[in-house]
Amino acid sequence: MNPEYDYLFKLLLIGDSGVGKSCLLLRFADDSYLDSYISTIGVDFKIRTVEQDGKTIKLQIWDTAGQERFRTITSSYYRGAHGIIVTYDVTDLESFNNVKQWLNEIDRYASENVNKLLVGNKCDLTSQKVVSTETAKAFADELGIPFLETSAKNATNVEEAFMAMTAAIKTRMASQPAGGSKPPTVQIRGQPVNQQSGCCSS
């Protein structure tokens, strides 16, 4: 057991290109914001350790590229994820309409009980908003997914989004039978996964 943390959670940020996934990650992990937009090539990740209910939780947050051409690369990163934050841009209707497609990706590649959170980013751009809070909330409620509107630019609800996801995963892990207290060890039907047999060896 690593004494530095009690839990290690892998989180994914997914959604269309340009919705602000990298900005959300930068705001949460480094409390910084970049106005200039640089498209993420492939996958990038950051780590932040948080305290919750007296437990130290290490969050490994992966920023997956939104472009269609990277879909095959990022599909492997769904595996092993504890939580997935599906992000859209409140000023871009297409990015919201594509949320269904991203949820299909989750159903296809992620584990069955993975935690999900719907996030509408760029809520500071009120005059340009085209996806109403009510529409998004109704959509999320229909699917049984928590929903928050965020702004990476002014930090609105960014901390809340990641901490809510962390709490939900922690609750789920605690309610699971055997092995719940040792999250760094992934168990599949009671068998520890061999750390040596990586899928990247080919």
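Note that the numbers count up from 1, one per residue, in the order the chain is shown.
Yeah, the Cβs are placed from backbone N, Cα and C, and that goes for glycine too.
For 15-23, 33-40, 63-67, 121-124, 151-153, the entry in Swiss-Prot reads GTP binding site, with the evidence type similarity to another entry. Counting only same-chain residues six or more apart in sequence, the Cβ atoms lying under 8 angstroms from the Cβ of Cys23 (GTP binding site) belong to Tyr33, Leu34, Asn121, Ala152, Lys153.
If you look up Swiss-Prot, you'll see 37-45 marked as motif 'Effector region', on the strength of similarity to another entry. Computed over the motif 'Effector region' (37-45), the whole-number mean pLDDT of the model equals 65.
Per Swiss-Prot, region 'Disordered' is recorded for 174-202.
As annotated by Swiss-Prot, compositional bias 'Polar residues' applies to 192-202.
Taken from Swiss-Prot, the feature S-geranylgeranyl cysteine applies to Cys199 (among others), supported by similarity to another entry.
Under the heading S-geranylgeranyl cysteine, Swiss-Prot lists Cys200 (among others), citing similarity to another entry as support.
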- Message: So if I draw a 10 Å sphere around the Cβ of Cys123 (GTP binding site), how many other Cβ atoms end up inside it?
- Response: 22
- Message: I want to verify one value. Collapsing DSSP to three states, which class is Cys123 (GTP binding site)?
- Response: coil
- Message: I want to verify one value. Collapsing DSSP to three states, which class is Gly15 (GTP binding site)?
- Response: strand
